[in-house]
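Trainee: Okay, these came from TrEMBL:
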| type | residues | note |
| --- | --- | --- |
| ACT_SITE | Asp313 | active site, proton acceptor |
| BINDING | Lys21, Gly92, Arg120, Gln167, Arg344, Arg385 | phosphoenolpyruvate binding site |
| BINDING | Lys21, Ser22, Arg26, Ser165, Gln167, Asp313, Lys340 | 3-phosphoshikimate binding site |
| DOMAIN | 10-418 | domain 'Enolpyruvate transferase' |
Amino acid sequence: MERLIPPTPSLKGTLRVPGDKSVTHRGLMLGALAQGESTLYYPLKAGDTLSTAQVMRQLGAEIAEQGEHFHIKGVGLRLQEPTDVLDCGNAGTLMRLVAGLLSGQEIFTVLTGDASLRRRPMGRVTTPLRQMGARIEGREGGKLAPLAIRGGGLRGIHYELPVASAQVKSAVLLAGLFAEEDTEVVEPAPTRDHTERVFRHYGLPIELEGNLIRTRRAEPFAARDLIVPGDFSSAAFFIVAALITPESDITLEGVGLNPTRTGLLTVLKEMGANLSWEVTEGQDGEPVGSIRARSSRLKGVSVDPRLIPLMVDEVPVLAAAAAWAEGETYIPNLEELRVKESDRVAAIAHNLQNLGVPVEVGHDWLKVRGGSVQSGVVEPFHDHRIAMAFAVCGLPKGVVVQDAEWASISFPSFWEELERLTGKV
Ligand code: S3P
């Protein structure tokens, strides 16, 4: 489906973004593992997380939609052997985290996904999970899905993550809940810490010592309700849209402001953004608050490479902001973006060029020269965040977005909300 967005004069109003994707995946998995019934409040109901609900149902949990929420009846640590393969769709977080869970279970499972997910690197999780004792087979020696897993009999390991990845960290920690002896993960740089926070919420073992995270075998644990905050990564599209569109002033409410997610706010501030935010409450271990964004004159910056793991999913929309900034923006440390839902370094460069923006590309960096955005066509490369980021980039001049339905992987109401805030409905 193609979407034509006419030139937009302004964005105004208040928005509540959908539930956080990362927290929803974890809430569904741990609610399914818990003993008894609980409600996951305000979860994200989108392509990726509906895949997780379906996979956890196949593993024996009862998950029912209850209005906006999910009612979950957990299995009490013992998952059931599914009668069919588990389809993770487009969701890397699902495949990698559930591989950790399944490594701890004495059942046979096969994980597959869509064409994009079957291209993404899985060796980063199969290597440590095999070290813990899981038997895992997969294409190219276990580097690519489909993956066949027979778990059980795990021992704890001390694992130094070769990449700063919350998914790999989480896979090892989830397996650690079923291992003899302690499991320790050392991060090369901080990444999103939702797994640690959710473990604490359920009373599961978790200890932090600097960049080392430790867990151990879990006893059956009681189900507990969990409130999902709004997704900062979804909010990011509207923040940048308001900054680059004249006469704009929007407020986002109920947004997760976990500091391991908000690196983009630091960079946008440095670019001169008229942006303020405030943490107003702590919801089940996650800071939540509101963000106000107004039209701004942005200037190019050189982004601190240490911020990238704290804004890994926001780089496409940062590139959109850079396209409107005065001068050059240099974005380093992008190696991981090559293996996301698409090769995001290439997809960003391609779409910037489509919109008339000069860009230089290295293997792990981008240099964007701002100030010359024209109307054009956006090609999402089957990637939800590329579709939304470049719809935003083209907003002030008007833009055509191909395959716009990809937004529904993480933000099904994106186009309607955009129309509402731009006054087009
Ligand atoms: C996620 C971790 C990140 C992020 C992804 C969600 C998570 O992936 O890009 O969208 O929920 O743990 P990596 O661990 O590959 O950086």
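Glycine residues also receive a Cβ, built from the backbone N, Cα and C atoms like all the rest.
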Trainee: Say we define neighbours as other CB atoms within 10 Å of the CB. Which of the binding-site residues Ser22, Ser165 has the fewest?
Mentor: Ser165
Trainee: Are any of the recorded positions Ser22, Arg26, Arg120, Ser165, Asp313 near ligand 1, with a Cβ under 6 Å from it, and if so which?
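Mentor: With ligand 1 as the reference and 6 Å as the Cβ limit, the list reads Ser22, Ser165, Asp313.
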Trainee: Can you check what DSSP calls Lys340 (3-phosphoshikimate binding site), collapsed to helix, strand or coil?
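Mentor: Assignment for Lys340 (3-phosphoshikimate binding site) reads coil.
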Trainee: Express the distance between the Cα positions of Asp313 (active site, proton acceptor) and Arg385 (phosphoenolpyruvate binding site) as a whole number of Å.
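Mentor: Spelling it out, the Cα of Asp313 (active site, proton acceptor) and the Cα of Arg385 (phosphoenolpyruvate binding site) are 8 Å apart.
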Trainee: Please give the 3-phosphoshikimate site's span as the largest CA-CA distance among Lys21, Ser22, Arg26, Ser165, Gln167, Asp313, Lys340, to the nearest whole angstrom.
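Mentor: Farthest-apart Cα atoms in Lys21, Ser22, Arg26, Ser165, Gln167, Asp313, Lys340 are separated by 19 Å.
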Trainee: For Arg344 (phosphoenolpyruvate binding site) and Ser165 (3-phosphoshikimate binding site), what Cα-Cα distance in Å is obtained after rounding to a whole number?
Mentor: 16
Trainee: As a test of the contact definition, list every same-chain residue at least 6 positions from Gly92 (phosphoenolpyruvate binding site) whose Cβ is closer than 8 Å to its Cβ.
Mentor: Leu117, Arg120, Gln167, Lys340, Glu341
Trainee: Measure from the Cβ of Arg385 (phosphoenolpyruvate binding site) and count the other Cβ atoms within 10 Å, all protein chains considered.
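Mentor: By my count, 28.
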Trainee: Indicate whether Arg120 (phosphoenolpyruvate binding site) is helix, strand or coil by DSSP.
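Mentor: DSSP assigns Arg120 (phosphoenolpyruvate binding site) to coil.
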